[in-house]
Amino acid sequence: MLLLAFLIGYSIQKFARYEDSAIWGYHAVHSTSVKSKKPTNKKIKVAILDSGISHHAALKNKIVASYNAIETDQEPIDELNHGTAIAGIISASHNKMGFSGISKDNVEIYNVKVLNSQGKSDFQTVINGIEWSIKNNVDIINISFGFETNNPEFQNIIKEALAKGIIIVAASGNTLGLKVDYPAKYEGVISVSALKPDFTSYSYSGKGKIDYAAPGKNILSTDKNGGYSIFNGTSFAAAFVTGSIAYLLGNTNEKINSTNLNSFLAPYVKDLGLPGFDEEYGHGFIQLN
């Protein structure tokens, strides 16, 4: 098993009360005007390749299919406290903490467990998870982790998914400002860096091949114990981008894939950092207004 780089700079803090500062990311992405729109009837299939997703009131009826790529005969429950948070950012119903998932009304979650309780995996396990996602005709694959090294077989399955029109969103990695992890580094994969509440870069974020930046510091979401916790890292930034893309796909009849996604997103992107595209914020921050 290989240690995945996202664990560096990844942190959790138990949370038990409402605080507006803890849901800043949701407010930043989703304006009031967007929330008032009539929910779409079009469902977007989102595969979350992660540590599994635990049962949670805010995620009730969100998961339509599951697969444990580590132990195929076991339920893909979250033992790491990571995948449940990713699912919450994307799809959680409105809850007592005052937030709801970015695309809560129009996503179907495909729960794919590829990380064990220590946050470890290997290329073949992740490849198996992607193959399962392809067979289930998902629209988006969220990969909120990364490997430090390339692997030809891993790259090939990523290419296969992209060729079938699947959008892949991946965390850039918590690499302390160093190079981006795989698969975020691959051409066609949407690489996401993390933002702090002041919209500056989170210091742990990878730099280089970055496509978009999104909230990744002081992020409230669902946890594996049925409660809520604060999370930090590029993992959670990737989930915001996945949720945003799913929301927009659910509100268009255009055929969108990795080749035309950036032009489709352009009207919703706020430039950050240096003018235009840069290696820290990419195209910028996706704002749904």
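Glycine residues also receive a Cβ, built from the backbone N, Cα and C atoms like all the rest.
Remember, it's a predicted structure, so these values are computed and weren't measured experimentally.
On the 0 to 100 pLDDT scale, the domain 'Peptidase S8/S53' (42-284) averages 95 in this prediction. The domain 'Peptidase S8/S53' annotation in TrEMBL covers 42-284.
Over all protein chains present, the Cβ of D50 (active site, charge relay system) has 29 other Cβ atoms lying within 10 Å. As annotated by TrEMBL, active site, charge relay system applies to D50 (among others).
The active site, charge relay system annotation in TrEMBL covers H82 (among others). Annotation note: H82 (active site, charge relay system) sits in a coil segment as assigned by DSSP.
S235 (active site, charge relay system) counts 33 other C-beta atoms within 10 Å of its own C-beta, drawing on all protein chains shown. Summarising the annotation, TrEMBL assigns active site, charge relay system to S235 (among others).
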